[in-house]
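*Asks:* Feature table excerpt (Swiss-Prot):
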BINDING   GLY162, GLY164, LYS165, THR166  ATP binding site
REGION    1-74  region 'Domain I, interacts with DnaA modulators'
REGION    74-117  region 'Domain II'
REGION    118-334  region 'Domain III, AAA+ region'
REGION    335-459  region 'Domain IV, binds dsDNA'
Amino acid sequence: MMEMPIDNLWSQVLERLQIELSRPTFETWIKTANAERLENNCLVIITPNPFARNWLQKYYISTIANVVQSILGHPVEIYITVAKGEEFEEIGGGGEWELPTTNIINETPNQNRQPNTELNAKYVFSRFVVGANNRMAHAASLAVAESPGREFNPLFLCGGVGLGKTHLMQAIGHYRWEICPNSKIFYVSTEQFTNDLITAIRNDSMQSFREHYRAADVLLVDDIQFIEGKEYTQEEFFHTFNTLHEAGKQVVIASDRPPNQIPSLQERLCSRFSMGLIADIQAPDLETRMAILQKKSEYEKIRLPRDVIEYIATNFTSNIRELEGALTRALAYISIWGLPMTVANLAPVLVTPMEKIEATPEAILTVIADNFDISIEDLKSNSRRREISWARQIGMYLMRQHTDLSFPRIGEEFGGKDHTTVLYSCDKIAQLVESDRGLSQTLRQLSDRIKMNSRSRKP
């Protein structure tokens, strides 16, 4: 059977991908690629540079393969390469950084991995950046990996989205496989556990379900907060937990909140979850965020100027996913436009307004007064002392950023100041922050404290 002409095939692939993918994704990554040839059941796709090749390999090769299969009626192998003369080109022109010339997606997975268990090859201890925000969680995870079923059982990792809970859990799994290749390591989300349970009930195979999970040497359960309201799932998990714990097997659980804050969680489960160690993970501080970016750039074989690292770390503070996403966005932007890796070139693509949060004026006033070692009364006064006036201007700026209050209402919160005073203060700080990196860092730190202050006040 003759294969379809390559131009015709690629034209159809583009038509379907244009519908399936978002416009920015299609324009940036798919439209710039081209199909070179189709032979021996292998489609060769050419990309303009190594970064584009790696990006397609990492995120879109499966999508492309599925579309090609739907057109040809049979599966084909997809091989993505770089146009001749581009393989070793430094993108950016300034020689300030390099892109990897090796394909990062071809990491060899652990050959001892159970077929029902999926661990990310990048989630290992050596790639985890330790800081004040996660030191205890890291130490506890390493201790569990070295001696499972002993001191911290269960280990309950608690923290917000994108802070490294899943990384630590899977690092435990990888470590155990290195030490004991025949270990039965089960990593499962709470949703998957529930789905497996439903399937077992439907197929009348509850015994197999129980034997499967209770055979684990290490059970890693992610997002346990989603067990909320699932009474039968809680019942089965309780007995699975008991069986493993009594047998000296290790259980590691991750959640975005402590056990006692998971609604409708059975009291006996809450008690079991709390009987080991609850290790909290907070948002990383500036130094840790910079270290994370540095380590990621080293693994990707990219040289980043220190001021770029500091700029990204200062402006993206919520979690690690946001931080790494900003770096990825920066690399894509620089690659596409062929620009040097500088703060000035990255500023347009990394613009991120400060997060609007449900902060009360009182919470903001409290943080500002505490930071500048003055009183709230000083902030509301008519004092023109330099330190008080400066603190007041920053407070007005942050209140504008973190609330929906109008300029007149903000003026009222600061002791009845005129709205023109508030407008002047906000404009002044906004202009200064564009060139004053120290001020930008101060504002981010104050914003982080305001967020924590506001969350702690929620019922």
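Backbone N, Cα and C atoms are what each Cβ position is placed from, and that goes for glycine too.
Are these features on the surface or tucked inside, and what touches them?
*Replies:* For GLY164 (ATP binding site), the count of additional Cβ atoms within 10 Å of its Cβ stands at 27 [all protein chains shown].
Averaged over the region 'Domain III, AAA+ region' (118-334), the predicted model has a pLDDT of 91.
Across the region 'Domain IV, binds dsDNA' (335-459), the DSSP tally of helix, strand and coil residues reads 83 helix, 0 strand, 42 coil.
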*Asks:* Sorted by position, what residues of the same chain at least six away from GLY162 (ATP binding site) have a C-beta under 8 A from it?
*Replies:* SER318, ASN319, ILE320, ARG321, GLU322
*Asks:* Tally of helix, strand and coil residues over the region 'Domain I, interacts with DnaA modulators' (1-74) according to DSSP?
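*Replies:* Output for the region 'Domain I, interacts with DnaA modulators' (1-74) reads 45 helix, 12 strand, 17 coil.
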*Asks:* Within 8 Å of the centroid of the Cβ atoms of GLY162, GLY164, LYS165, THR166, which other residues of that chain place their own Cβ, given that this set defines the recorded ATP site?
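*Replies:* These residues sit around the ATP site: GLY159, VAL161, LEU163, HIS167, LEU168, ALA254, ILE281, ILE320.
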